[in-house]
Amino acid sequence: MSVVSGEVRAVASASGPSGETLHKLSALLTLALLIAIFAFGNAAFLSVNNGLTVLLQTSVIGVLGIGMTMVIITGGIDLSVGSVLALSGTVTGMLVKAGMPVPAGMAAGVAVGALCGLANGLVITKMRITPFVATLGMMLIARGTALQLTGAAPISQLGEAFGRLGNGALFRLVEKQPNGLSKVIFPGIPYPAIVLLIVAVAAAFMLRRRALGRHLYATGSNEEASRLSGVNVDRTKIAAYVLSGALAGLAGNILMSRLVTAQPNEGVMYELDAIASAVIGGASLMGGVGTISGTMIGAFIIGVLRNGLNMAGVSAFIQQIIIGFVVILAVFVDQLRSRR
Amino acid sequence: MTPLVEMIAIEKHFGGIHAVNGVSLDLHPGEVVGVLGHNGAGKSCLMRILSGAMRPSAGEIRVGGKTVEINSPHDARDFGIETIYQTLALADHLDAPANLFLGRELRTRWGNLDDKRMMEETRKVLARLNPNFRNLSDAVSRLSGGQRQVIAIARAIYFDAKVLIMDEPTAALGPAETAMVGKLIKQLRQEGVGIFLISHDMHDVFDLCDRVVVMNRGHSVGSYRIDDVSKDDVLSLIIKGALPEDWALRNRERLQ
């Protein structure tokens, strides 16, 4: 945790460390408020099982959001993550279906994601195409490839091992009862949540303590200055897109594993949730600003909002409208803060 | 004495436009050379070539008498050539130590950033320039123009520059800060650093420079010891590209 909160001090936002902390505090407060409201409305909201559900649902968006944060810090954007998620998961599914061991298949899926990210990075830095357009192209290319490879049909019956990452849990306690049924004493910590935690801590460490992290902030803050200071700006940007792509691949594997089915249609519009997480968490689309802890709070705000509204029986359409307002509000509050 | 840097017959073309046209100049240890000229005369272009931000179309650069190729800002720094850009080239969201060491971060044994040591070193070098500098962990966007300039200068001198290129170092500064930069330039000169000073401020030029090189439409129109010319002479060089007609007459005695 100290690593995550350490970012705040070291890499101050445009309005300084106090402003950065303030934003994170207000986001955290919003999250607490949401939880309080939903808990008040429905006692089941605070149950362990529902908590785990939120954790599971948020882990995919959280992993995507972490990659997105790195890209946004450089002043870029990655619209392709939803499609890359689908392509990676699909490739993993096909390889596993063809007989490849699950870990190798998943590694290959993540590698496909990283390759898509590499392509994004090269198009942006070498062909000098803006990130918006380059990743919009990749969004179509990756989605089209996933659909073409599978004929748009889901790949099912992938076996128990394929489903373990998405459905398994650490420290799960199950007791055999005399009647032969098993009773879950403790549902355990879902693997996706553990993956999210590991990725978040690693990413926060990288941003805070490694030269690459420093260069990501510098590039987003002032690209020309970074170049003149001897920072390899192109390589820094490419690294951000490769990481974003690889994390999209990882998120794809978590999601498909949870469904125990490789779905080429999954992940549509996930990039927008990932961007929203980062922005609610205080990342600036102008570059130079953003933290992993902030993005995590943003991802959980979206996750809790979705889950709570679902439990309250609010339609998916209304949910979209509400999340739309939240994003605009979050950015507005952020601008008020930096304008003063 | 071997010059620190020699630029010989440098050319830079952009399509049909000759931004720099066969310019040669040199710089000796402990010498401050003013590089003057109108906007677009080619002086910034020439300096960008030396700092590695731009490659010459033709010509030769020697550092310490040896012919070298400068292909990037990184190369220039390896030869001890540091540049303070007019735009200050700072990453606004980062603090002073992060900016000072940008691209050359100090690392721990494990390859992690050594923020503690970078902070200490920054404190040391800034104390030398401006003892009142305290906001070390603030984002530099929150600092005043003078404080930002101090960081930019600190970045150049921390790494023991032999040659310093200063592009309008006082343009954004108030009087007190300008005086501070002036004092610093004199101090660096004493230490044997060679400085190219790009400036429009005649007062600064005559106060600080040992020699002026004037550029006009991509050509060098002359290199003069500062004692041999008056402000009017320099202005004439800048505007007309030539000394006033009576210059030789006025300086006849001294020239003999």
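The backbone N, Cα and C atoms fix where each Cβ goes, glycine too.
The transmembrane segment feature in TrEMBL is assigned to A:25-48, A:60-86, A:106-125, A:132-155, A:189-207, A:238-255, A:275-305, A:312-333.
Same-chain neighbours of the transmembrane segment (A:189-207): 3-4, 6-7, 11, 52, 55-56, 58-60, 62-63, 66, 69-70, 73, 164-171, 213, 216-217, 243, 247, 250, 254, 258, 291-293, 296, counting only residues six or more beyond its ends whose CB sits under 8 Å from a CB of the stretch. The transmembrane segment (A:25-48) makes contact with the transmembrane segment (A:312-333): 3 or more of their CB pairs lie within 8 A, with pairs spaced 6 or more apart in sequence. Within the chain, the transmembrane segment (A:238-255) has long-range Cβ neighbours (under 8 A, six or more residues past its boundaries) at 59-60, 63-64, 66-68, 70-71, 73-74, 76, 78, 80-82, 84-90, 92, 106, 109-118, 120-122, 124-125, 135, 165-166, 192, 195, 199, 203, 212, 216, 266-267, 270. Counting Cβ pairs under 8 Å to the transmembrane segment (A:60-86), the top-ranked stretch among A:132-155, A:275-305, A:312-333 is A:275-305. Through the fold, the transmembrane segment (A:312-333) approaches residues 23, 26-27, 38, 41-42, 276, 279-280, 298, 301-302, 305-306 of its own chain, all at least 6 residues removed from its boundaries and within a Cβ separation under 8 Å. Sequence-distant contacts of the transmembrane segment (A:132-155), counting only residues of its own chain at least 6 positions beyond either end whose CB sits under 8 Å from a CB of the stretch, comprise 77-80, 82-84, 86-87, 90-91, 93-94, 97, 116, 119-120, 123-124, 241, 261-265, 271.
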